[in-house]
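Below you'll find the structure, written out as C-alpha cells, and then a few comments.
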Amino acid sequence: AQLRYSVPEDREPGSSVGDLAKDLGVEVRSLTARSLRLVSESGQRHFQVDLAAGVLLLDSRLDREALCGQSPTCSLHLQLVMENPLQLHRVEVDVLDVNDNAPQFPKPEVVLEITEVANPGTRLPLEVAEDPDMGSNSISTYELSPSEHFALSINVRGDGVKMPEIVLEKALDREKVAVHHLTLTALDGGNPVKSGTAKVTIHVLDANDNPPVCDPPISTVYLEENMPVGTLVTKLNVTDLDEGPNGDVEYSFKISNNAPGKFTKLFSLDPRTGEIRTKGLLDYEESSAYEIAVRARDKGSPAMEGHCHLRVELIDVNDNSPEIVLTSLSSPVLEDATPGTVIALIGVKDSDSGDNGQVRLQIAKELPFKLVSSFKEHFSLVTNGPLDREKASGYNITVRAVDSGSPQRATQKTFYLQIADVNDNAPNFSSPFDTAHIQENALPGTSVFSVSASDPDEGSNAKLSYSILHNGMQDVPISTYFRIDQDNGTIYTVRALDYEQDKVFQVPIEVKDAGSPALSSTAVVHVFVLDENDNAPTIVYPSVPKGSAFHQTIPALAEPGYLVTKIVAVDADSGHNAWLSYQLQEDAEAFPFQVERRSGEIRVAQALRESEDPHRLVVEVRDNGTPSLSASVVLVISPEENSIQDFSKSLDLPKSSPKDNNLTLYLIISLVSISLVSCVMFAVVAARCL
C-alpha cells in the first residue's frame, strides 16, 4: 500500500502526522509482533513510529527550505516494513510551506545611475528580492516609495519570478536634483504579510544617454544534456544607439545570491562577442534548467548597462541505467510453499525522466517464480508453481531491469534462493525382493544379508533406520531368528538355524526415515537355509538295541544270489548328505555274503559249506556328506538244515509300526517342501527377469 500525509514545516517534534494502524487496516497490538520498522529513503531520520498508539510522529522540526530548496513540491519518502507476513508499505509525507521567511534583498542599499538626458520610459533594473518560502508565501509584489520622476514596473520572468524595474516617468534635470532617494519594498503573499526593504539611490549623470538594449530581454534556449564542453548555447543580441565608446558593449554575468556562481561553473561568456558556451558537462538529473542573467555595459561616461535574461532548459538523454534494490529476501524457502508465496521485495529506480525513466522488470520464464507489481517502482517476487528440492536445491535468480529510452539501457542483479527440504519422499529399497542363503548351524550373530535403501530428501528427512516386521508366517516371531542393524541394514542370526526344522524364512524389512511425519517402505528377504551333514544315517531295519546283534537264519543249502535280508536306513539330511551307501566293514573277514551298495540287500555270494558255523557280519551305512557320517548293525547269519524261507520270510520284515509311518510322513513332507521352495525360487527369478 502507499500512504500519503501532509504536515506543516513548523510543527513541534512529537506531533502526530498520521494514524498508520487505521490507514493500514491492522490492529495496533499487532504492530510490535510484526516488527514494524521505518526506513527513510533519504537516509535522514525525521519521523518515528509510536508502536503503542500506531501513529506516525515527527522526530525533529522540519525546515522545508533546507529540505527541498526552491522546489515547488517537497515530499519525504518513507518505507514501512512489517514481518509475518513480509509486507512493504510506502509513505509519502508532503511538507507544507509556512510563511516563516521575510523577503530579503541581496543588498540593503542599491546605487543606480541615470543620465539627465534619459527619455521618459527609461528602465532601471533592480535586484530581485529573495524569499525561501514557496507558493503564495513567496514574493507577491513590489512597492516603491512615492516619487515625482520615477515609478515601479514589474515584469514576470519565464520561471514566474517577478522582476522590479524603476521607470522614468518625467524628464530629469540634474541641476535641480542630482540624487534621488527611494525605498523599494518587497511583499510576500503570506498571512500575515511579511516584507523586506532596500534603499535605492539614483544618481543623475550627464552624457551617454542610450543604454545597451537586449533583444529579446528574456529568451529561452533548449539544449541536450551531456553536450561536449565548448558547445555554443546562444549569442546575445544587444544594441546601443550611441557611438564610439558609448556604444561599445562589454558582457558579464550578473551574479545572484539565489544561486551564487553556480551557473558560472557550467557556462562561459565571451565579454566582447556575447557568446555563451558550455564550460562543463550538463546533467539533467542534477538540474533541469538554469537561469542566466547577463549585464551588457557600454564604455560611456557614465557607463550605461542593459540586462539580458536567458533560461537554458535541458533535454533529458537516456544516460542512466536502471538501479535494482533488493529490499528483502526470504531464503531458504520450503519446497512445499504454495503458489503466490512472497519470496523477495524488489525496488527499482531510474534517475532519467519521461520514457527514459520508465522501467520494466523481467526474470527468466522457465523459473517457477513471477514478478507482481506492488505499487510504483516496487515489485514482489512470488512463487508461480510447485518447488521440488530433489530436482533443484536452489535457484540463481537474475532480475533484469530495462528502461523505455532510445537506445534502451538495462541492468541486472542476481541473487541465490535456497530451497529447504520437506519430508515428501519415502525411502526406497534397491529391490523389493531379495534372496539370501545361510548354512544351518551357523553361529548366532552371523551376517546373513545387507539391505540397502535410499531417500532423496536430506538431513533428518534422509536419515534411515531399519527394522524387522512380524509377518505371522512362522509360529515363532521372526525376531527370535534374526535381528537387523538399524543403521546399516545388515541382517544377523539370533540363534543357530536347523535346516531340518525350517528350510526358508521370509524376513519382512521396514525402512523408515526420521522426518515428521516419518515415511517408510518395506521389502522382503527370502533366507534359504543350506543343509549341512549334521545327521548320521538311522537304521530302520533291522531294529536292534544298541550293543546287540540281529540273528537271521538261512537254508544251509542256499545258493549264490539268495536274498538273506535287507538293511533299511534313512538320513534326516537332504541332497548329497542323504545319499546312503551300504558296505561291510573293511576289517571283517571274508564272508560268503555280499551287500548291495545302494539297496542294502545282503545276498549269498558263494555256496555254503556243510555244517558251517554262524557268520557274524558288521554292515556299515554311510552318507555322502562331508565329512561323511555312518551307522552300523551286527548281523549273525546261521545256516540251518531244512530251513526253507520264501522271500518275505527271508526278509523277516516286521509289521509297520506307527513310528515307521510317522517317519514316512516326514519324508513325504520334506519332499513336498523342497518342491515348493524350488517353485517359489523359480517364480522369484522369473519375476525379477521380467
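Note that Cβ sites are derived from N, Cα and C of the backbone, with glycine treated the same way.
Quantities reported herein were computed from a predicted structural model and do not represent experimental measurements.
The feature domain 'Cadherin' is assigned by TrEMBL to 6-105 (among others). Residues of the domain 'Cadherin' (6-105) grouped by DSSP class, helix first, strand second and coil last, total 14 helix, 38 strand, 48 coil.
As annotated by TrEMBL, domain 'Cadherin' applies to 106-214 (among others). Computed over the domain 'Cadherin' (106-214), the whole-number mean pLDDT of the model equals 85.
Marked as domain 'Cadherin' by TrEMBL: 215-324 (among others).
If you look up TrEMBL, you'll see 325-429 (among others) marked as domain 'Cadherin'.
Using DSSP to sort the residues of the domain 'Cadherin' (430-539) gives these counts of helix, strand and coil: 7 helix, 48 strand, 55 coil. Residues or ranges marked as domain 'Cadherin' in TrEMBL: 430-539 (among others).
According to TrEMBL, the feature domain 'Cadherin' maps to 546-656 (among others).
Among the features that TrEMBL reports, transmembrane segment is placed at 663-687.
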Tertiary contacts of the transmembrane segment (663-687), as residues 6+ beyond its ends and Cβ separation under 8 Å: 433, 435, 503-504, 526, 528, 540, 570, 574
Summary of DSSP states over the domain 'Cadherin' (325-429), given as helix, strand and coil counts: 4 helix, 55 strand, 46 coil
